[in-house]
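Everything on this sheet refers to the single structure shown next.
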Amino acid sequence: MTSSGTVLVVNSGSSSIKYQLVDPVLGDAVASGLVERIGEETGAIRHTFGDVKVERDEPVPDHGAGLRAVLALFGEVGPHLEDANVIAVGHRVVQGGDQFSGPVLVDADVVRKIDELSPLAPLHNPPNLAGIRVARELLPDVPHVAVFDTAFFHTLPDAAATYAIDRDVAREHKVRRYGAHGTSHHFVSRETARVLGRRVEDVNQIVLHLGNGASASAIRGGVAVDTSMGLTPLEGLVMGTRSGDIDPAVLIHLQRNAGLSVDDVDDLLNRRSGLKGLAGENDLRNVHALADDGNADARLALDVYAHRLKKYIGAYHAVLGRLDAITFTAGVGENDDIVRAMACAGLEALGIAVDPHRNAGRKKEPTIISPDWTSTVVLVVPTNEELAIARQAVEVAEAAGLPGTSDESDPAPASAGHA
Ligand code: AMP
């Protein structure tokens, strides 16, 4: 990376816009903020630049108004975007389907394809696209790059990506496993290799991204070979409000016998399940507090959460054969030593263990938490999706030879990530 300048990273959700102005070389967030409750009666905007934090409660009718307010805050509070030398805008896009295997420079064709993929991610792609459209209007002179959550999992072998259902139905409706959280799994797998002092090509690893959403991946030599999220981010691990793996017959049963509609089932599995469904709380800190008070539901919730994690560790150990590293990341993975210990408990025969002293406490830096004797190193590596998006955005802009990103780079196809 040869650029000097900053990247504006935009994560545009259905009712929110998260943003960060990132220095991709130093890895620092220069400024950051959040627009919340877009389209509701009372909206809110928070902007942080250095020690200055500004909070405003005002209605934000749509994404355009939200982004305009953010740009105005950059002008008022700083940093001034002209002085910050913004060399690219990186947009998080959840679903790239079979169309995108890497980040791409946004043009009309890319906008159309993201739009066409909306049926696969109805809650995510439309707001992602709204952010892209508005940002391109407001910042027309800067390259905009779309970075897809699914792209890192484009390499999944067919055996891991295919659901065992009627192949014609699957083909017609693009039903396969796409994965999600790919930007984080990619970033953390590279960081893990760096911490181990090895080339990523030489490391077989499991990455456990445990946030409010949670996913596991099996990565052989830097290439993803399996992941726990599927057609949508509902499959796999137990999450804050999502069930993860479930017998599909449960859905049929509830629709036939409990009078639940398709929307009811969607709501149940995505918003009223996981830790929330089991313990009434989606934040693990609150689940621990309840469990410490003797709440049996909360204790069971922790056991179910850790049991699912352990099953995935065992499964991905088998998928990979040799396992060099297991890395915990995101809100739970970085902060919750109890969950880390529970997930790895009793796996000594597989060469996996956690050292209680090394594991203790929250980890702000990459930390090895296994004892020295294990064949698999267990680590905590903080994720940084914004930095990963910023770096990918610069790489795409540089490859396209866009002004401001590099002195030497030759013009090259900008949409190398199209599948
Ligand atoms: P993320 O989606 O990566 O921001 O992670 C958010 C989740 O991390 C929260 O819902 C909590 O469950 C969890 N979390 C954050 N801090 C802690 C902590 N100190 N201990 C346990 N869990 C935490």
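Glycine too: its Cβ is placed from the backbone N, Cα and C atoms.
Here TrEMBL flags Arg92 as substrate binding site. Within 10 Å of the C-beta atom of Arg92 (substrate binding site) sit 23 other C-beta atoms, taking all shown protein chains into account. Look at Arg92 (substrate binding site): DSSP puts it in a strand.
Summarising the annotation, TrEMBL assigns active site, proton donor/acceptor to Asp149. Neighbour density for Asp149 (active site, proton donor/acceptor): within 10 A of its CB lie 26 other CB atoms from the protein chains shown. In the three-state DSSP reading, Asp149 (active site, proton donor/acceptor) counts as coil.
On its own chain, His181 (site 'Transition state stabilizer') has Asp149, His209, Gly213, Ser215, Met229, Pro233 as residues at least 6 apart in sequence with a Cβ closer than 8 Å to its own Cβ. For His181 (among others), the entry in TrEMBL reads site 'Transition state stabilizer'.
Arg242 (site 'Transition state stabilizer') is surrounded by 27 other CB atoms, counting those within 10 A of its CB over all protein chains shown. Residues or ranges marked as site 'Transition state stabilizer' in TrEMBL: Arg242 (among others).
The region 'Disordered' annotation in TrEMBL covers 400-419.
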Distance, Arg92 (substrate binding site) to Arg242 (site 'Transition state stabilizer') (CA atoms, angstrom): 21
